[in-house]
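Heads up: the structure comes next, in structure tokens.
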Ligand code: ADP
Ligand code: MG
């Protein structure tokens with residue numbers, strides 16, 4: 001071994017993923033070839049782009065292609081490209097580590113799931129790329145030279161924890177990956193990957209649309225019994241998006257999706273469209289069937305690639321899709337753009353903005369037309385992201401509100417549309433009632449809902465963090481105010497009940513004044529409630545006050561927000577409240593009264609799932625009181 005060889009360790013997460021691949025938890029082993037070809041194709045795209053941008057780059061772009069070579073005797077398979085290649089540091093960074101966010105999370109889930117099917121599915125959703133080679137090979141050698149550099153790098157590993165890297169003087173431009181194949185084992189789905197027919201089939205099935213030629217030299221029996229060799233191109237190279245919909249079958253769309261998305265699962269929906277007129281483009285977009293692990297991570301991979309007349313221009317083209325549709329994957333081929341357009345110019349470009357508007361409309365229309373079952377899947381995976389659109393995209397508020405699905409007290413098993421809620425509204429009901437909070441159960445058990453439940457009003461239950469914000473921003477649906485049950489005064493009473501409440505208010509006037517003073521540090525007002533039936537008290541906000549959850553959210557984002565004092569409402573029908581009134585009238589000890597007031601307030605906070613300012617004091621008072629009852 002020369003002293004230029006270094007042995008390095010895989011990053012911990014990479015090591016664990018490799019273990020899973022070496023011991024093959026994934027049954028469809030053929031996909032390793034798709035992954036290698038997909039990487040080679042990306043490398044060729046990148047080289048063409050770089051050579052267009054940097055005219056001095058010393059590279060040969062005359063015959064960019066992918067080549068597959070087998071050696072039956074040595075049982076090796078090599079996939080070679082003359083693309084961008086990798087420097088030594090890139091090899092170590094890209095192949096030795098996994099940069100995908102969510103890896104740790106995935107590994108945790110895999111460890112927890114005992115069932116093999118579920119593990120496979122998780123790996124499939126994650127997609128392991130290059131590491132898939134270790135399903136079929138017990139050793140992998142990679143030789144690569146970065147475009148523009150003179151020396152190359154040889155990388156080798158058995159997938160068992162370490163790999164070696166070695167600087168080499170001579171290496172062809174691009175990358176070749178050689179797999180030392182495991183023995184054929186059809187029971188374990190390990191096919192003979194040196195067989196021409198097997199390779200042909202896999203390429204056709206998974207990689208036919210790849211825009212670069214995938215070549216293989218095959219043996220043909222010659223006339224005099226000797227064998228001759230001929231090089232064939234295995235793929236048709238047709239850009240799927242440029243074909244019309246009826247020329248493409250479902251399987252082709254699916255494989256193309258897997259190439260652009262790096263997902264191993266099939267897409268939920270395919271959108272194939274064409275824009276004609278002043279600005280021509282073709283778009284082939286997909287809605288994934290599951291959310292990626294990095295959906296809410298700022299580093300998460302975003303969706304759409306930009307091509308100009310079949311030439312790849314950029315990945316993750318955010319000018320084409322708003323942030324709230326960041327999960328949409330696919331390709332947009334715009335005919336009239338310059339090939340060396342930059343990201344900054346794209347953001348400004350009026351035509352690109354017009355295309356983006358069309359794409360957004362089309363995606364929203366597709367969502368609207370989806371079957372109930374597909375849409376249920378979609379909403380469970382991406383609903384929380386789509387709702388961000390209600391903040392980001394005021395032009396499409398109407399369409400977005402029609403897409404929203406929310407839990408409701410109407411039917412615990414089904415989400416409802418706002419339209420259906422409105423259709424079920426009671427006679428005389430003019431507002432849409434909703435409750436926000438951290439979980440369905442806290443909301444359902446919160447005192448705020450009592451009167452609504454008692455009087456048979458349906459309440460929407462909103463539990464995503466973004467809900468607080470969009471409800472505030474949007475304000476109403478179909479002319480009806482979106483009204484939080486934890487805010488403002490509620491007006492659910494009959495005239496008779498109102499008259500009774502008025503009388504009670506007089507009886508309670510003194511107590512309420514006293515309480516407002518005693519609890520002045522915590523609440524801005526104490527009043528009688530018309531929303532309680534069984535609980536003694538609850539805390540509510542003014543109609544336009546920020547909710548506690550929202551306050552917490554802003555603080556978590558590092559924003560300074562004033563602490564909003566809320567209102568304590570008491571249930572005049574509850575013995576604790578009537579008892580307190582009597583005690584106050586009879587001039588009971590102020591300290592004892594104050595403690596009762598604190599307990600009432602604390603209980604109201606706990607009941608809505610809130611936090612106490614001083615839990616130990618609350619517990620002490622409560623324990624003292626309980627002790628006295630024994
Ligand atoms: P992904 O393709 O999803 O990024 P992979 O595991 O397939 O993940 O590949 C990891 C990275 O290694 C790629 O993003 C690319 O930067 C680099 N890479 C892999 N194969 C090649 C290749 N043939 N040429 C150049 N770079 C490559
Ligand atoms: Mg890849």
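Using N, Cα and C of the backbone, Cβ positions are placed for all residues, glycine too.
According to TrEMBL, the feature region 'A' maps to 1-343. Mean model confidence for the region 'A' (1-343) is a pLDDT of 91.
What TrEMBL lists as domain 'Histidine kinase/HSP90-like ATPase' is 28-185.
For 35, 39, 81, 86, 100-102, 125-130, 175, 343, the entry in TrEMBL reads ATP binding site. Neighbour count (other Cβ atoms within 10 Å of the Cβ, all protein chains): 24 for residue 126 (ATP binding site).
The feature region 'C' is assigned by TrEMBL to 553-630.
Checked against ligand 2, the binding-site residues 81, 100, 102, 126, 343 give no residue with a Cβ under 6 Å from it. Using a 10 Å radius centred on the Cβ of residue 102 (ATP binding site) and all shown protein chains, the other Cβ atoms total 18. Comparing the binding-site residues 100, 343 on other C-beta atoms within 10 angstroms of each C-beta gives the minimum for 343. The DSSP breakdown of the region 'C' (553-630), given as helix, strand and coil counts, is 48 helix, 5 strand, 25 coil.
With a cut-off of 6 Å between Cβ and the nearest atom of ligand 1, the binding-site residues 81, 100, 128, 130 reduce to 81, 130. Neighbours of residue 35 (ATP binding site), defined as other CB atoms within 10 A of its CB across all chains, total 25.
Within 10 Å of the C-beta atom of residue 128 (ATP binding site) sit 26 other C-beta atoms, taking all shown protein chains into account.
Around the Cβ of residue 130 (ATP binding site), 18 further Cβ atoms fall within 10 Å across all displayed protein chains.
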